[in-house]
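*Asks:* If you scroll down you'll find the structure; I have some questions about it.
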Amino acid sequence: MFYQDPFDVIIIGGGHAGTEAAMAAARMGQQTLLLTHNIDTLGQMSCNPAIGGIGKGHLVKEVDALGGLMAKAIDQAGIQFRILNASKGPAVRATRAQADRVLYRQAVRTALENQPNLMIFQQAVEDLIVENDRVVGAVTQMGLKFRAKAVVLTVGTFLDGKIHIGLDNYSGGRAGDPPSIPLSRRLRELPLRVSRLKTGTPPRIDARTIDFSVLAQQHGDNPMPVFSFMGNASQHPQQVPCYITHTNEKTHDVIRNNLDRSPMYAGVIEGIGPRYCPSIEDKVMRFADRNQHQIFLEPEGLTSNEIYPNGISTSLPFDVQMQIVRSMQGMENAKIVRPGYAIEYDFFDPRDLKPTLESKFIHGLFFAGQINGTTGYEEAAAQGLLAGLNAARLSADKEGWAPARSQAYLGVLVDDLCTLGTKEPYRMFTSRAEYRLMLREDNADLRLTEMGRELGLVDDERWARFNEKLENIERERQRLKSTWVTPSAESADEVNAHLTTPLSREASGEDLLRRPEMTYAQLTSLAAFAPALEDEQAAEQVEIQVKYEGYIARQQDEIEKQLRNENTLLPATLDYRQVSGLSNEVIAKLNDHKPASIGQASRISGVTPAAISILLVWLKKQGMLRRSA
């Protein structure tokens, strides 16, 4: 039977991608249905209890700038906040927060349940309703059918998921949850390329059995950072330390002596695991010269005794896991409360998606999260928001939207996936972006909030706060430009005390701030340039914009040159065998990837600058050279 009311958008899955997709579609005014196998696990942190990090924190800030949920949730649930790379330049600084799993899940669920236009329904999905290559609904486990104009798949590791502990394995979507086998089979019937990936998680330890007195503590930053542009540190719950231990030669001997019982090394697991979050088995074998690896003992929450040992993800048998854990300092008597495991699951080739994350083959069907080959909550959330907003736009008969690589890390993520695909779980790093000086955490709102408002994602409160910040930045920059000090002025001695070389000519506040030794806080502590802005976010922007003005202008020039290639469109139906002068390798790669633009084509491995030149000449001769607005 069909449910009595149709929906505009259906989201299948309530993880980090699904919750952002549902919130985005509903915020845009579309009637949205979120289908999940268990309402109690909405926003569940399946692996590490943390949000953010290098590249990942940038994505969280971008999701927040577009009105998303993740940053607000972690501000309410974070039990330790730190700025990584704090001593480096602003482009690579990143926020990371340890999370209380329960508080995080509660924050997400509360937001979902109070979001207008959103209905949550507990049922596993077993089938899609596809008519004439167009998705029109979904079928649940009990046979109830829902109709919609667009469907977003955010099913994580549940598609034909298989959990491995040693040489034993069983079906599961994650520990304690069933897999989605009927939906996996249905998707394999569609004209989509499917493969298997693998990820893993470490055993969880009972904190009462760890001797923390012999371990180094790691505290959060003070003052505490904040994730959301709308947040403040007063929202953070109680803060707690993490602890550090290390593996040693005894640990490594245990692992080496039991590799024959590892499902990865025994050939039982076929899926490829994450390169940048390897299992402890992989680390010991790949870095054989290392006699120790640092392990962070991270609390799972304020009311939980569970500890997450970050760095010993493993699928070795339980008895070996016990030996590994107890070989480390402070853990000699430790008890495991949940075994570590590896999980294999289906993922679908993201090269079969448009940059909006809609399938090229099934109209109205969108994919987001681990189903696209990514790893990490943050990557999933960013994709979920993009897929949700585009599903909403499609259901309203509007064109899709995707950010450019020069506009957001989300643009880098989607372009990498849709252009290059992936053969291993993809995670975001700042090094993946060509224009990372422009794509900083601190300016995510300046880059994206205006577009978020146009798309219908940004509410009135956020929009008012954003415009107030813009006004504060502009007013303060004008004040510093127009405030001067001369070498002979009474205030010159006070200014010179902060400079490595004294004033030799008249200087404005901006001139002084450009000097590497002068900070905004120091400058505005001087009588001639006081007072400082009360808006800390605006003050940070003033300092960065002034100090890096020349570098930013240079990178903006590079972006404008590259936009010419990005805006030169390639016909979707072009058979590159028609283009004389291209090598067989280039023809095969272009026909396989079907890039949407010259810019995308140039990023495909093996497509040389010479091939791009040949392609441009051929397009011009054929009268097919088109540029987007």
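Heads up, the Cβ atoms here are built off N, Cα and C, so glycines get one too.
What Swiss-Prot records for Gly13, Gly14, Gly15, His16, Ala17, Gly18, Val125, Ser180, Gln370 is FAD binding site, and it gives sequence analysis as the kind of evidence. Feature annotation from Swiss-Prot assigns NAD(+) binding site to 273-287; the stated evidence is sequence analysis.
Are these features on the surface or tucked inside, and what are their neighbours?
*Replies:* Counting only same-chain residues six or more apart in sequence, the Cβ atoms lying under 8 angstroms from the Cβ of Val125 (FAD binding site) belong to Ile12, Leu35, Ala138, Val139, Thr140, Gln141, Ser180, Leu183. In the three-state DSSP classification, Val125 (FAD binding site) falls within a strand.
Within the same chain, the residues at least 6 positions away from Met285 (NAD(+) binding site) whose Cβ sits under 8 Å from its Cβ are Arg256, Leu259, listed in sequence order. Taken residue by residue with DSSP, Met285 (NAD(+) binding site) is part of a helix.
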*Asks:* What does the structure give for the C-alpha distance between Gly273 (NAD(+) binding site) and Gln370 (FAD binding site)? Integer Å is fine.
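*Replies:* With the alpha carbons as reference points, the distance is 12 Å.
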*Asks:* Cβ-Cβ under 8 Å from Gln370 (FAD binding site), same chain, 6 or more residues apart: which ones?
*Replies:* Ala17, Val155, Gly156, Thr157, Leu197, Thr199, Tyr345, Phe347, Ala380, Pro425
*Asks:* In angstrom units, rounded to an integer, how far apart are the Cα atoms of Glu281 (NAD(+) binding site) and Gly15 (FAD binding site)?
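*Replies:* Given the Cα positions, Glu281 (NAD(+) binding site) is 28 Å from Gly15 (FAD binding site).
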*Asks:* Measuring Cα to Cα, how many angstrom lie between Ser279 (NAD(+) binding site) and Gly15 (FAD binding site)?
*Replies:* 23
*Asks:* How many other Cβ atoms are found within 10 Å of the Cβ atom of Gly15 (FAD binding site), counting all protein chains shown?
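*Replies:* Summing over all protein chains shown, Gly15 (FAD binding site) has 29 other Cβ atoms within 10 Å.
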*Asks:* Would you identify which of the binding-site residues Gly13, Gly273 has the most other C-beta atoms lying within 10 angstroms of its C-beta?
*Replies:* Gly13
*Asks:* Can you grab the distance from Phe287 (NAD(+) binding site) over to Gly15 (FAD binding site)? Cα atoms, rounded to a whole Å.
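*Replies:* For Phe287 (NAD(+) binding site) versus Gly15 (FAD binding site), the Cα atoms are 34 Å apart.
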*Asks:* Note down the number of other Cβ atoms within 10 Å of the Cβ of Ala17 (FAD binding site), including every protein chain shown.
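*Replies:* I get 34 for this one.
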*Asks:* Output the one of Arg275, Lys283 that, of all these binding-site residues, has the highest number of other Cβ atoms within 10 Å of its Cβ.
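*Replies:* Neighbour-count leader: Lys283.
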